[in-house]
Amino acid sequence: MIEADRLIAATGPRDREEVQDRAIRPLSLADYIGQPTVREQMELFIQAARGRSESLDHTLIFGPPGLGKTTLANIIAQEMGVSIKSTSGPVLERPGDLAALLTNLEPHDVLFIDEIHRLSPIVEEVLYPAMEDFQLDIMIGEGPAARSIKLDLPPFTLVGATTRAGMLTNPLRDRFGIVQRLEFYSTADLATIVSRSAGILGLPLDPEGAFEIARRARGTPRIANRLLRRVRDFAEVRAKGHITKAVADLALNLLDVDEHGFDHQDRRLLLTMIEKFDGGPVGVDSLAAAISEERHTIEDVLEPYLIQQGYIMRTPRGRVVTRHAYLHFGLNIPSRLGEMPVVDEFLDAVDD
C-alpha cells in the first residue's frame, strides 16, 4: 500500500493539497485551534524571548503525523517576526548541505528540520556545536594538510519535528530547550477546524456536517481537511453544494470511511489479527507479513490511532486486539478476554 493513497492517511499531502493546506493553515497562535497546553506554553516562551530580544530556544515538536508540527513551526517564526527556512532530515545528506543553510540564516531566524530523527550521524555531529555555541566546524583540505576552522553563526532557533522521538540520539535530544508533544485532537476541536477551513474555502457547511466530518477524522486535522474536500466534491455533484450531516454521512460512507474513522486498511488489520492469529498476541513482523505491509507502516500509520482508541494494545508478547474490536465487527467476544488486563495497562510496553 502507498500511504498517500489512503484518504485517511495522515502522511504528507499531495502537491495540490499542499497548496490548499497552506491557504487554510493558521499563521498565529491566536488562530491555532486545540493543543491548549502547547499553545499556552509557546505563547509564554515566545513573549519572553521577544522581550529579551533573543532567539527562541531550540524547540523539538513530536507526535503522530498530521497534527500540525509544520504549522506550529511556521507560527513560531511568524510570532517571532523572523524568516523560516525549511528542510528535512533525509535531504541533508552531507555536512555541506547543513552548512549552506546555517550560513545563510539571519539573526534569530528559524531553521525547521522535519523528520529530524532521520539525520545522518555525520550531519548530526556538525549540528551539535551549531546548536550549542552557534559555531560551525568545517574541515579544509584533505589528508595530513586537513585542518578545522570555526565559523561564527548568528543566533538562530532550530525547530525539529519528528513522529518518532525515541529514535533521536540522546545528545541531540538534550540540546533542545523546549520539547512539545502534540496529542490527537478532540472531535469538538476538529469540528471547529473544519468549520474554519470551510469558511476560508467558501463552503456552505452546517455545524452538524462539520461534526460528522470531525468524528471520522481520527483526531487529525490533516485528515479532517482532506475529508472536507472530498465531501465538498460529493456535495457539489449530488447535494447542490451544501454540506449537511446527511450529506457528509452519505459522502463518507461512499468513501468507505466508517463512523469510527476506519477505512479498509484498518478493518483488514483488525480482522487479520482476529481471524488468523486468534486475536493475538502476535509480533509486528508476523502481522506485517500477513497483511503484506511494511513494519513501519503498521507502527507509524495504522497502529497509533487504533491503540489510542483502545482497539489494539501492545503487550510484552506482541499485539493483541481488545473486546472493542470484536464488538466493532459484531463478533462474539472470546471468554478469555474477560481475564485480560485493562487496555491502558500495556500501551507503552516493549513489543518482542
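Quick reminder: no glycine exception, Cβ is built from N, Cα and C everywhere.
What Swiss-Prot says about this protein:
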BINDING   I24, R25, G66, K69, T70, T71, E132, D133, F134, R175, Y185, R222  ATP binding site
BINDING   T70  Mg(2+) binding site
BINDING   R295, R314, R319  DNA binding site
REGION    4-185  region 'Large ATPase domain (RuvB-L)'
REGION    186-256  region 'Small ATPAse domain (RuvB-S)'
REGION    259-352  region 'Head domain (RuvB-H)'
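A map of Swiss-Prot features onto the structure.
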| residue | record | Cβ within 10 Å |
| --- | --- | --- |
| I24 | ATP binding site | 16 |
| G66 | ATP binding site | 27 |
| T70 | ATP binding site | 20 |
| E132 | ATP binding site | 12 |
| F134 | ATP binding site | 16 |
| Y185 | ATP binding site | 25 |
| R295 | DNA binding site | 13 |
| R314 | DNA binding site | 20 |
| R319 | DNA binding site | 25 |
Shortest C-alpha distance to E132 (ATP binding site) - which of the binding-site residues R295, R314, R319: R295
DSSP-derived structure type at Y185 (ATP binding site), helix or strand or else coil: coil
Inter-residue Cα distance where the pair is R295 (DNA binding site) and T70 (ATP binding site), in Å: 25
Inter-residue C-alpha distance, R295 (DNA binding site) and G66 (ATP binding site) (nearest angstrom): 20
I24 (ATP binding site): secondary structure state under DSSP, collapsed to three categories: helix
Largest separation between Cα atoms (Å) of residues that the record links to DNA, namely R295, R314, R319: 15
Euclidean distance between Cα atoms of G66 (ATP binding site) and R319 (DNA binding site), Å: 24
Residue distribution over DSSP helix, strand and coil in the region 'Head domain (RuvB-H)' (259-352): 49 helix, 9 strand, 36 coil
C-alpha spacing of R314 (DNA binding site) relative to Y185 (ATP binding site), in angstrom: 22
Pairwise CA distance, R314 (DNA binding site) versus G66 (ATP binding site), rounded so that it is a whole Å: 23
